[in-house]
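Student: Take this structure first; my questions come after.
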Amino acid sequence: MESRKHSLIPSFLYSSSSSPRSLLLDQVLNSNSNAAFASSNLEKSPSPAPAKTATMVSRKNFLIASPTEPGKGIEMYSPAFYAACTFGGILSCGLTHMTVTPLDLVKCNMQIDPTKYKSISSGFGILMKEQGVKGFFRGWVPTLLGYSAQGACKFGFYEFFKKYYSDLAGPEYTAKYKTLIYLAGSASAEVIADIALCPFEAVKVRVQTQPGFARGMSDGFPKFVRSEGYGGLYKGLGPLWGRQIPYTMMKFASFETIVEMIYKYAIPNPKHECSKGLQLGVSFAGGYVAGVFCAIVSHPADNLVSFLNNAKGATVGDAVKKIGLLGLFTRGLPLRIVMIGTLTGAQWGLYDAFKVFVGLPTTGGVAPAPAIVAAEAKA
């Protein structure tokens, strides 16, 4: 009888989930199955059905998981979970950075040549006059490829290291020092992510700030290597770490904290009672605020990265001397706040939207107590 069930229903519809709701559905299916089995035997014979056969029926059954229930399709912290987070990172970082290429282009030129690009409006005007509309998206290919690689490592390894450090600390210390867990996990992930990003970032800056150097990635990469060698691709790795590691630590730790505070103080209902649309709105809002903090913290290093990748043979000392200490903190900052705030908000929105799409919960917020989950399952 069991083999007939499995032959009629595709195997991907089976679930071995042991959540309270699944157990409740499991009991209902068992009771219905046993009742039908007993009824059939009573019609054929007045003697009761053998206990052994009934036990076999109750032990083996199938469940069809609902696609709208979080966690049914992908088990948390499984290889499939980390793969989904990695792909979500590719979408969130690659697409958003490519979209804001015009802002990034003006920002880089303001950092490199402030006498020519004096403000945001004049920067866009100069680019339009000299290069036309196409000029606003110069360098979009290395931007897309580089930040897709970075996003894959950033989000995928963050989820991995957050779980890894939480397991090392244990439940008590994880709850007590959760912010330190977020900081350590995000910093570890960004070290790896920047190694993936650095070559693409070097080519991108050179293409965007030196008109005529190359059209894009296909001709810019080999030209850059011929000029400075493969080692030149990683010349800006130190400043990139200096920019991105504090940026990412602030991005993830502040996001997790802000989202938790929103659910705790601004929304009357617990997170698990909120609609998915509201949860994604919280993700975007939390990401935008976190992005403003990220831009301020990482801006001096961002100026260094732009300067070093544009000037052949330049050093950090040359950059500080040329730009000035105050200029490192202020040059191009307003535009970067707008860009990074929007970028970070969109990234968290896209990342969590993809997680919801594949059946995973959104990031951050206060997790419901086990008693509440059990009560909901029985309701």
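Backbone N, Cα and C define each Cβ position, glycine as well.
Unlike curated records, TrEMBL annotations are generated automatically.
In case it's useful when we look at the structure, here is the feature table from TrEMBL:
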- 80-164: repeat 'Solcar' (REPEAT)
- 177-261: repeat 'Solcar' (REPEAT)
- 278-357: repeat 'Solcar' (REPEAT)
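What's the neighbourhood like for each of these?
Tutor: In terms of DSSP helix, strand and coil, the repeat 'Solcar' (80-164) has 74 helix, 0 strand, 11 coil.
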Student: Can you tell me how the residues of the repeat 'Solcar' (177-261) break down into helix, strand and coil by DSSP?
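Tutor: Summed over the repeat 'Solcar' (177-261), the classes give 73 helix, 0 strand, 12 coil.
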Student: What mean pLDDT does the predicted model reach across the repeat 'Solcar' (80-164)?
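Tutor: Computed over the repeat 'Solcar' (80-164), the mean pLDDT is 91 on the 0 to 100 scale.
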